[in-house]
Amino acid sequence: MLAYFVTILAELVILRFIQSNPIQIDSTGLCWGMIGIASLVFLITIIQEKDNKFVLTMIGSYLFRISLLIFDLYGRNIFVLPNSGLDSELFQRESLCYALNGGDVSMTAKTFGLFYRYFGEHRIYLQYLNLVLSILTLYIIWLILKKLDLDKKIRHTVFYITAFLPNYAILSVILLRESIIIFLLTCSMYFFVEWWKHHKNSAFILAVLLSLLAAMYHSGGITNAVGYVLIYILYDTRGQKYQLSFKTFLFSLLFFLGFFYLFNHYGNTFFSYVDNVNSLDDITRKVVDAGGGGSGYDYIGGANIDSLGELILYSPIRMFYFIASPLPWMWRGINDMIAFLFSALFYLTSLYMGFQVLFQRMHSKNKNLIFALILICVIGMALFAWGVSNAGTALRHRDKFLIDYVILFAVSYQEYLNSHHTKHKITTRGA
């Protein structure tokens with residue numbers, strides 16, 4: 001894979017050279033020429049890997065994404081890909097404006113704008129870089145799965161499912177921030193797993209920092225950092241168990257002091273998603289504003305909550321809707337059906353299997369890790385419970401936390417099969 005990314009860097013150098021000199025060249029032809037060369041290098045590089053199933057999955061997912069990229073750019077008169085259009089064009093306008101004039105814009109618009117400023121207005125190649133990030137994300141997911149010592153069959157199954165999740169593939173090729181956030185949180189999870197297995201504090205710090213970096217693109221990314229810190233406080237790595245102690249109290253105090261410091265000094269950077277939320281009225285306003293449309297569920301709680309008790313009562317229901325929408329009774333057509341079957345069902349299955357392993361009586365070596373992953377997932381669900389009231393928006397936002405559910409699914413699937421294998425052995429001996 002190294003040769004592929006060196007090729008990408010070399011192509012960026014070429015774009016910079018063209019931008020810095022008065023060279024007139026067709027942007028479309030240049031971009032597709034460079035994408036073609038990079039694709040050829042990718043194929044040559046990836047086939048050198050020893051695992052054939054991994055190679056075929058990577059090649060298939062790459063070609064799938066290239067096809068979606070082409071369709072997003074040239075097939076809009078036939079069909080506009082989900083999540084493409086309004087938001088992507090808004091980012092395009094903000095990015096171009098920032099490239100020309102600077103100004104106070106989102107981190108995403110700054111990132112895209114800096115690309116346009118230093119490498120030229122090559123939107124096709126910028127969208128391709130989103131695709132490159134998703135391919136690198138898949139590669140890191142593969143490394144995490146290998147690090148967890150899973151059965152080879154489980155590793156391949158989970159990786160194949162992840163590589164071809166339709167919504168993630170679409171988000172990988174359009175001009176949105178999701179591909180960047182998913183990549184950063186995947187890197188973050190890699191170092192969290194490294195800390196979990198080898199107890200390296202340096203790995204834990206990197207995990208938190210990468211989550212904070214993701215939060216600069218969308219404040220939802222901070223939920224992973226919050227989850228990591230809570231686990232660090234509660235989990236005794238030597239005894240491999242959760243416990244409360246003086247150390248727990250001390251670290252909790254330091255955590256809350258650090259949290260309030262970030263909130264007070266860098267609120268606009270890390271907590272913009274909950275900016276100006278100071279009362280229940282602010283929450284209900286946010287819910288109603290985020291709802292609407294045939295797939296909206298702002299009526300659940302919505303403008304009706306007027307007490308903390310009702311907020312607590314409705315929160316689990318809205319958390320479920322966030323992770324499971326569009327539910328069958330919300331379907332408006334084939335698109336919603338596909339979204340449920342190939343997105344919501346994956347997240348629901350991951351949580352179901354995680355809780356099933358967590359509450360089974362048999363010993364599980366990964367039960368503590370499963371609890372940690374569920375905690376991280378629940379924190380993310382809680383944040384978006386009242387900020388999202390539409391299935392389409394939920395579909396996009398929950399994919400930010402894709403890596404959390406992928407690893408939860410993989411580890412839970414392994415433990416589920418182990419427990420059934422053990423039960424079969426006990427039954428056979430008893431017979």
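Placement of Cβ uses the backbone N, Cα and C atoms for every residue, glycine included.
Per TrEMBL, the features are:
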- 30-47: transmembrane segment (TRANSMEM)
- 54-74: transmembrane segment (TRANSMEM)
- 124-145: transmembrane segment (TRANSMEM)
- 157-174: transmembrane segment (TRANSMEM)
- 180-196: transmembrane segment (TRANSMEM)
- 203-234: transmembrane segment (TRANSMEM)
- 246-263: transmembrane segment (TRANSMEM)
- 337-358: transmembrane segment (TRANSMEM)
- 370-389: transmembrane segment (TRANSMEM)
Legend entry - the transmembrane segment (203-234) in contact with the transmembrane segment (370-389), cutoff 8 A, at least 3 CB pairs, sep 6+: yes
Legend entry - Stretch in 30-47, 124-145, 157-174, 370-389 most in contact with the transmembrane segment (180-196), if contact is a CB pair under 8 A: 124-145
Legend entry - Long-range environment of the transmembrane segment (30-47) - Cβ separation under 8 angstroms, sequence gap at least 6: 1-4, 7-8, 11, 14-15, 18, 55, 58-59, 62, 66, 122, 124-125, 128, 132, 135
